[in-house]
Amino acid sequence: MEKMVILTGAGISAESGLGTFRDEDGLWARHRIEDVATPEGFARNPELVHAFYNARRVQAATARPNAAHEALARLQRDWPGDVVIVTQNVDSLHEAAGSQRVIHMHGTLAGALCAECDHRWQAQPEMQSGQPCPVCQATAGRPDVVWFGEMPYFMDEIFDHLESADLFAAIGTSGQVYPAAGFVQEARRAGAATVEINLAPSDGASAFDQVLTGPATRAVPAWVDRLLTKGR
Ligand code: APR
């Protein structure tokens, strides 16, 4: 049966109250990427970076999954084929909605990583700089999220999924950041049908066979209903 690969971005969590990056009031309108989302920024001022992620971690902890997350969990449950979610988001709202197969290519706010020995552990709500690694004791604890200039996680697995996809959907992403922005081309090369679901057509919308616009909490449940009743 048809295999689906669904890429999600910040737009799917917007109606759960979590900010996007490039919308008017987005995170990158209020913070400089080079200060809070690069290894160099962390080396320069770890306190600033921890404060940025602590605020997002505390906010994400009280956020609830919305109808779009729930619709994708229903699709994973009821679709007779494989449905893999690849998310750029570092919140855990797909899992909170009941999704099982979620690949976090940019890591998660819930994770902490030792920059010295690569040990990973469950981050406290508020990470402090200079926190010793539970294994090697180096004071090199950092958020386990992928910063600009770093390689996203699980790329081999993601490309394997794209190569065997029959349907690729991109939901709530501006398609500005590679490699995720190039996934639609990989899927097309594999012969997959492609659909973008977004508040408004993204700059990369022309690469998709179909573009559905509207808030994710409306457009995604409608799309899932159609898939589950009409099969496509
Ligand atoms: N419903 C659907 N789409 C929405 C909604 C909504 N309610 N609100 C916003 N959007 C759309 C916007 O129109 C935009 O196209 O979601 C998209 C959000 O784009 P970005 O803010 O660029 O977020 P994203 O695409 O996830 O960014 C990708 O960039 O900064 C890095 O690591 C960061 O993972 C992030 C990556």
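Cβ atoms are placed via backbone N, Cα and C, with glycine included.
What TrEMBL records for 1-230 is domain 'Deacetylase sirtuin-type'. The NAD(+) binding site feature in TrEMBL is assigned to 9-28, 88-91, 172-174, 198-200, Ala216. Feature annotation from TrEMBL assigns substrate binding site to Tyr53, Arg56. Taken from TrEMBL, the feature active site, proton acceptor covers His106. The Zn(2+) binding site feature in TrEMBL is assigned to Cys114, Cys117, Cys133, Cys136.
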* DSSP-derived class (H/G/I helix, E/B strand, else coil) of Phe21 (NAD(+) binding site) -> coil
* Asked: Fewest other CB within 10 angstroms, which one of the binding-site residues Ser13, Gln88?
  -> Gln88
* Could you say whether, by DSSP, Cys114 (Zn(2+) binding site) belongs to a helix, a strand or a coil region? => strand
* Near ligand 1, which of the binding-site residues Gly9, Phe21, Asp25, Cys114, Leu199 are found, taking a Cβ distance under 6 A to any of its atoms? -> Gly9, Phe21, Leu199
* Which of Gly9, Gly17, Gly172, the listed binding-site residues, has fewest other Cβ atoms within 10 Å -> Gly17
* Asked: Relative to the Cα of Gly9 (NAD(+) binding site), which of the recorded positions Tyr53, His106, Cys114 has the closest Cα?
  -> His106
* Sort the recorded positions Tyr53, Arg56, His106, Cys136 by C-alpha distance from Ser13 (NAD(+) binding site) and give me just the closest. => Arg56
* Just checking, which of Phe21, Tyr53 (binding-site residues) has the fewest C-beta atoms within 10 Å of its C-beta? -> Phe21
* Structure fact -> Students should find that the Cα atoms of Asp25 (NAD(+) binding site) and Cys136 (Zn(2+) binding site) sit apart, in Å rounded to an integer, by 40
* Proximal residue to Cys136 (Zn(2+) binding site) among binding-site residues Phe21, Tyr53, Arg56, Gly172, Leu199 (C-alpha distance) -> Tyr53
* To do: Using C-alpha positions only, work out which of the recorded positions Tyr53, Arg56, His106, Cys114, Cys117 is nearest to Gly172 (NAD(+) binding site).
  => His106
